[in-house]
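Structure first, then comments.
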Amino acid sequence: MEKPWKRLTGLVAATFTPLTAQGEVDLSVVEPYAEYLVQKQGVKQVFLNGTTGESVSLSVEERKRLAEEWCKIGKGRLDQVVVHVGCPSLKDSRELAQHAAAAGADGIAVISPSFFKPSSSTALRMFLKEIAAAAPCLPFYYYHIPSMTSVHLPARDVVRGIEKEIPSFRGVKFSDQDLLDFGQCVSSCPSDWSLLYGVDEQLLGALAMGATGAVGSTYNYLGRKVDHMLLAFNKGDLVQARAVQVLGFGLPMNKQLMSEVSGLPLGPPRLPLLPCPEQDVRAVVGKLLSILGEE
């Protein structure tokens, strides 16, 4: 029996991939990771194998193992597990989409290929359609992140009317600072879609433009803090909301901050990314703990 589709709203943690000191995927961290998100941060939705999860540095097999573990651990703990399945290879993407459906994921997302780039929104839609067709039972999201893909096609041109070609299409993970493009997506999308913003440090502006949720790395360890911002915004208290808006960090720093704040052994980033100097991490951790009101 197929799962009933649930609209994806609110905060979604873009998960880090736990690695050993030798750079191997460490699945033993997934269960305490999920518990930390739920118990300490109040976050019960995850987006895995995305940019924060270093997906393009992982093998297809590693991504499958992570999806299986998160889906297994998430049952009864998490509300939604969304798996990013995008790859440069269309066949690999389709394989991961089928696997996500079999593993029990609640949705899939796909990024644009970035080596051989789509020349138009039509070409990109064709690519997305082929992958969505491999798992038609799952809600499908377009993951827009031109800073990483260098594919600067306006998201509004990609998603406008796309539900006619992809019946399972349910929204956008918009990870770009162009709030005009994001706002045009909001105004042209069906009201039941999920408009998920992905630039953590600019979330407040996106809420004003109509974001229905957010996917980000800082929500792993600042989930409760950012939830206060959402509550303040919904009450119309912009002064309080601005006071809570947090900064963003690069992936290596973010991963190390999560390890320091949570106590989870997430390990280093995978090459070619390098860890941040320990003194820099300690300085940022001190500021974070001050913000969180901890010693």
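The backbone N, Cα and C atoms fix where each Cβ goes, glycine too.
Around Tyr143 (active site, proton donor/acceptor), the C-beta neighbours below 8 angstroms that are at least 6 residues distant in the chain are Gly50, His84, Gly86, Ala109, Val110, Ile111, Val172, Lys173, Ser175. Per TrEMBL, the feature active site, proton donor/acceptor maps to Tyr143.
Sequence annotations record features per position, and here TrEMBL assigns active site, schiff-base intermediate with substrate to Lys173.
The pyruvate binding site annotation in TrEMBL covers Thr52, Val215. Taking Cβ-Cβ distances under 8 Å and a sequence gap of 6 or more within the same chain, the neighbours of Thr52 (pyruvate binding site) are Ala14, Thr15, Phe16, Gly216, Ser217, Leu251, Asn254, Lys255.
What TrEMBL records for 1-23 is signal peptide.
Panel annotation: around the signal peptide (1-23), residues 29-30, 33, 37, 41, 43, 45-55, 58, 66, 70, 79-80, 82, 104, 106-107, 137, 139, 141, 170-171, 192, 194, 196, 198, 212-217, 219-220, 223, 226-227, 230, 254-255, 258, 264-271 of the same chain, lying at least six beyond its termini, place a Cβ under 8 Å from a Cβ of the stretch.
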